[in-house]
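Quick look at what Swiss-Prot lists:
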- Glu224: active site (ACT_SITE)
- His63, Glu66, His160: Zn(2+) binding site (BINDING)
Amino acid sequence: MLQALLDSKDFLALTLAHPEQFDGEFSFNLGDHTQVEVWDTGVIVFEPIQNEGKDIVLSCGVHGNETAPIELCNSLIKQLLQQKIIAKQRTLFLIGNPLAINNGTRIIDENMNRLFSGEHSNPPGLVNPERVRAKKLEAYVDRFFTAAADGRQRIHYDLHTAMRASKHEKFAIYPYRPGRAFSGEQIMFLAASGVDTVLFHHEPTTTFSYFSSERYGADAFTIELGKVYPMGQNDMTRFIATHEMFMRLITAKPLELDAFDADKVNLYQVCRVINKHFDDFEFTFATDVENFRSFPKGFVLAREGGQEIKVEHEFESVVFPNAKVPIGNRTVICLIPAVNADVR
């Protein structure tokens with residue numbers, strides 16, 4: 001495996017050729033500047049001999065059909081392996097769900113991005129590939145962050161694409177972080193990366209980004225980089241700014257960020273999450289409605305169990321509507337413009 005990676009510089013191809021696991025860990029050096037460690041299929045660490053004080057996790061492919069972030073990360077990995085760019089920050093890349101990527105599907109058995117913060121081991125336990133992999137991914141993040149000295153900035157960008165069109169093509173979800181202000185610098189970094197819209201979440205979740213934020217104090221985000229397309233059919237020119245800023249971050253080049261300015265970004269706060277309680281749950285709007293579509297107060301969003309679910313605020317925007325989830329799962333997130341968000 002080591003020789004195959006050294007020859008091809010294509011970590012994604014190696015991962016997809018061995019989607020369940022590698023035959024053990026291996027490591028090698030790039031020149032006299034970087035140690036590379038491969039911990040598992042889809043798990044590769046770049047450890048600069050001299051680093052600048054940030055620990056960065058870039059994860060992709062938690063959902064197997066969300067291919068643009070996978071191609072973006074593989075491009076960065078390839079450039080690092082080819083020594084076209086040199087890491088100056090400790091960086092962990094995670095290709096989340098190789099089995100689903102090979103299958104060309106979002107999941108194999110279960111939505112992995114609902115299985116973190118230990119949810120993978122709650123009943124029914126480690127009964128499917130997503131649950132097993134989520135537990136491993138948590139362990140790799142823990143190993144990576146705890147191997148470095150305390151006091152360093154920890155960053156985790158969990159990269160996705162959405163199943164539907166969006167009023168805001170690229171947007172990020174800022175996990176709930178009670179007692180900690182939101183980072184204006186991080187929001188402006190995202191804006192410079194082409195991600196000009198941020199949603200402030202209002203409660204704990206079992207997503208990958210919340211896990212890193214809550215457990216390790218990381219500046220963590222779930223980042224949606226556009227719409228789902230098959231592998232090889234993404235217009236990668238739409239990700240030039242994202243690639244450039246991630247490259248600058250990894251190589252410790254000047255980020256040249258603007259000071260935080262709420263007028264330069266779109267800021268929303270989650271006002272509620274609507275979960276499914278009955279099999280007859282259905283939305284009143286079209287199934288192909290775009291993310292961030294806004295509805296006025298009193299509008300009937302959905303019906304279930306003989307009850308109507310109405311818009312409660314003057315206007316609410318919806319993201320990730322999906323009526324076909326299991327009972328107990330989230331059907332939609334409702335948003336209002338952010339008011340008095342603690343951004344510093």
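Using the three backbone atoms N, Cα and C, a Cβ is placed for every residue, glycine included.
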Alpha-carbon spacing, His63 (Zn(2+) binding site) to Glu224 (active site), which is rounded to whole Å: 12
For Glu66 (Zn(2+) binding site): intrachain residues, at least 6 apart, with Cβ closer than 8 Å: Cys60, Arg106, Leu159, His160, Thr161, Val228
Neighbourhood of Glu224 (active site), C-beta criterion under 8 angstroms, separation at least six: His160, Thr161, Ala162, Ser166, Lys170, Phe171, Ala172, Ile173
Where His63 (Zn(2+) binding site) sits in the secondary structure, as DSSP reduces it to three classes: coil
Where His160 (Zn(2+) binding site) falls in three-state DSSP terms: strand
Extra residues within 8 Å (Cβ to Cβ centroid of His63, Glu66, His160), Zn(2+): Cys60, Gly61, Val62, Gly64, Asn65, Pro69, Arg106, Asn113, Leu159, Thr161, Ala162, Val228
